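Trainee: The structure's right below; bear with me while I get my questions together.
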Amino acid sequence: MSTKKKEAVIGKESLAHKGLLRTITLVSTFGGLLFGYDTGVINGALPFMATAGQLNLTPVTEGLVASSLLLGAAFGAMFGGRLSDRHGRRKTILYLALLFIAATLGCTFSPNASVMIAFRFLLGLAVGCASVTVPTFLAEISPAERRGRIVTQNELMIVIGQLLAYTFNAIIGSTMGESANVWRYMLVIATLPAVVLWFGMLIVPESPRWLAAKGRMGDALRVLRQIREDSQAQQEIKEIKHAIEGTAKKAGFHDFQEPWIRRILFIGIGIAIVQQITGVNSIMYYGTEILREAGFQTEAALIGNIANGVISVIAVIFGIWLLGKVRRRPMLIIGQIGTMTALLLIGILSIVLEGTPALPYVVLSLTILFLAFQQTAISTVTWLMLSEIFPMHVRGLGMGISTFCLWTANFLIGFTFPILLNHIGMSATFFIFVAMNILAILFVKKYVPETKGRSLEQLEHSFRQYGRRADQEIQNQTTHLS
């Protein structure tokens, strides 16, 4: 075969590899789309379902309806990591698609607040499990040089899901607002992407790293050859084999007795909580309520809330581009400074401009500024780093524990926000978030490492080396004291 023909064949194979990788990414990130829609739709549905004759919600039950999904997501994240480690990333996502469909229908036809809270909890199990499994799956199929952009496409689909929720809320609320069951129409739309996810995952291959961890090296290499050039696949399977030597045992909590793994878990939990204590989901879940509190009417607040969704999508696209240019750690710190500034201004100007016609527009502008920093830097980096830092044999469990903490923090914020807003007002509530942002910046500066440009196996080796150095220092100190 001539050189030109060989190059043509290689070029076609390369296009086929990239095409399949894009298909896998698109299909699996429908889990992220559902995550976004199901967390965002409550933003516009709450004012309608809270009314007399519907679910008759009080501030407490309103908080429970919004946050029961988050509590479910915490447990879904915890068990989802173990489930995906045991049954595989692909099969777990297939199960999740069915749970998304069943729980969404349960929420849609809920006759009272208690049933709604129960089905929102079940929906949360699916959301939490997806929040662990999908980024892990994407990280494990991605080449190191493209991992950042591929994994953060899940974050893009999350905010697209939220934008779709806000848009459908505004359209349905404006055109069918007189209907008693308008909120049910908002909720049931989520069954459509769940059906797409289920059918799509039937044609997607399993994670090669999960297959290798189960001793199925031949299957792992076969999958890698579908999404990599042959030489790259061969090199990658060697790295994977080397990484799992001596770690073929079943993952369990006993693994966290090792100091280097315990340190990674500490960092993972910290990163997860940092993402939440910015207060982002108080805006994503209660944006309509915040704008009503500032002075907008319900219909205007629903429409204004679309701006939050649009800026989130634009910001994540920009963040994905930035990840190819900028290191993770500086992005995270700059994002935190930006969100803290926006929250501080909301708190101050809500006092200065209280009762004026300008206040709702100022609050809307500042929430857009807040989301620009949050979605460009913090949210994109959070999910990416959580999928990167854990070693292969505890990746599902470690990410599950970290994401459990993320959703627990999310639940606490989601539940307490409407209560705080009702009792201490908007300004004081946002000042609390400013204080928590300061603590978050200090944590990132002290503990969070840089992960850009390194394979998952190289990161694991680096953490192991750190652990050995720490052990040696402790041993030297013990020897010196004795």
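Numbering starts at 1 and runs along the chain as displayed.
Each Cβ is built from the backbone N, Cα and C atoms, and glycine gets one as well.
Heads up, here are the entries from Swiss-Prot:
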- 1-29: topological domain 'Cytoplasmic' (TOPO_DOM)
- 51-59: topological domain 'Extracellular' (TOPO_DOM)
- 81-92: topological domain 'Cytoplasmic' (TOPO_DOM)
- 114-120: topological domain 'Extracellular' (TOPO_DOM)
- 142-155: topological domain 'Cytoplasmic' (TOPO_DOM)
- 177-184: topological domain 'Extracellular' (TOPO_DOM)
- 206-263: topological domain 'Cytoplasmic' (TOPO_DOM)
- 285-301: topological domain 'Extracellular' (TOPO_DOM)
- 323-331: topological domain 'Cytoplasmic' (TOPO_DOM)
- 374-400: topological domain 'Cytoplasmic' (TOPO_DOM)
- 445-482: topological domain 'Cytoplasmic' (TOPO_DOM)
- 30-50: transmembrane segment (TRANSMEM)
- 60-80: transmembrane segment (TRANSMEM)
- 93-113: transmembrane segment (TRANSMEM)
- 121-141: transmembrane segment (TRANSMEM)
- 156-176: transmembrane segment (TRANSMEM)
- 185-205: transmembrane segment (TRANSMEM)
- 264-284: transmembrane segment (TRANSMEM)
- 302-322: transmembrane segment (TRANSMEM)
- 332-352: transmembrane segment (TRANSMEM)
- 353-373: transmembrane segment (TRANSMEM)
- 401-421: transmembrane segment (TRANSMEM)
- 424-444: transmembrane segment (TRANSMEM)
Trainee: With a Cβ cut-off under 8 Å, give me the same-chain residues at least six positions beyond the ends of the topological domain 'Extracellular' (285-301) that come close to it.
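Mentor: 39-40, 42-44, 46-47, 66, 166, 169, 173-174, 177, 308, 350, 357, 359-360, 362-364, 367, 414, 417-418, 421, 426.
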Trainee: Do any residues of this chain, six or more beyond the ends of the transmembrane segment (302-322), have a C-beta under 8 angstroms from a C-beta of it, and if so which?
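Mentor: Result: 40, 43-44, 148-149, 152-153, 155-156, 159-160, 162-167, 169-170, 173-174, 283-284, 287-288, 291, 296, 331, 360, 364, 367-368, 371-377, 379-381.
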Trainee: Given the transmembrane segment (93-113), which of the listed stretches 60-80, 121-141, 156-176 has the most Cβ pairs that are under 8 Å apart from it?
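Mentor: Stretch with the highest Cβ contact count: 121-141.
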Trainee: Hey, would you say the transmembrane segment (264-284) packs against the transmembrane segment (332-352), going by three or more CB pairs under 8 A that are 6+ residues apart?
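Mentor: Yes, the stretches contact each other.
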Trainee: Which range wins on Cβ pairs under 8 Å with the transmembrane segment (401-421): 30-50, 121-141, 353-373?
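Mentor: It is 121-141, which has the most Cβ pairs under 8 Å.
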Trainee: With a cut-off of 8 Å between Cβ atoms, can you find at least three pairs linking the transmembrane segment (332-352) to the transmembrane segment (185-205)? Only pairs 6 or more residues apart in sequence count.
Mentor: no
Trainee: Using a threshold of three or more Cβ pairs below 8 Å, and leaving out pairs closer than 6 in sequence, do the transmembrane segment (30-50) and the transmembrane segment (156-176) count as in contact?
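Mentor: Yes, the stretches contact each other.
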Trainee: With DSSP helix as H/G/I and strand as E/B, how many residues of the topological domain 'Extracellular' (285-301) fall in helix, strand and coil?
Mentor: 14 helix, 0 strand, 3 coil
Trainee: Write out how many residues of the topological domain 'Cytoplasmic' (206-263) are helix, how many strand and how many coil, based on DSSP.
Mentor: 42 helix, 0 strand, 16 coil
Trainee: Determine the mean pLDDT over the topological domain 'Extracellular' (51-59), rounding to the nearest whole number.
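Mentor: Across the residues of the topological domain 'Extracellular' (51-59) the model's pLDDT averages 83 on the 0 to 100 scale.
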Trainee: Check the transmembrane segment (60-80) against each of 30-50, 121-141, 424-444 and return whichever range has the most CB pairs under 8 Å.
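Mentor: Answer is 121-141, with the largest number of Cβ pairs below 8 Å.
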Trainee: Counting a contact as 3 or more Cβ pairs under 8 Å, with residues at least 6 apart in sequence, do the transmembrane segment (121-141) and the transmembrane segment (424-444) touch?
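Mentor: Answer no, regions not in contact.
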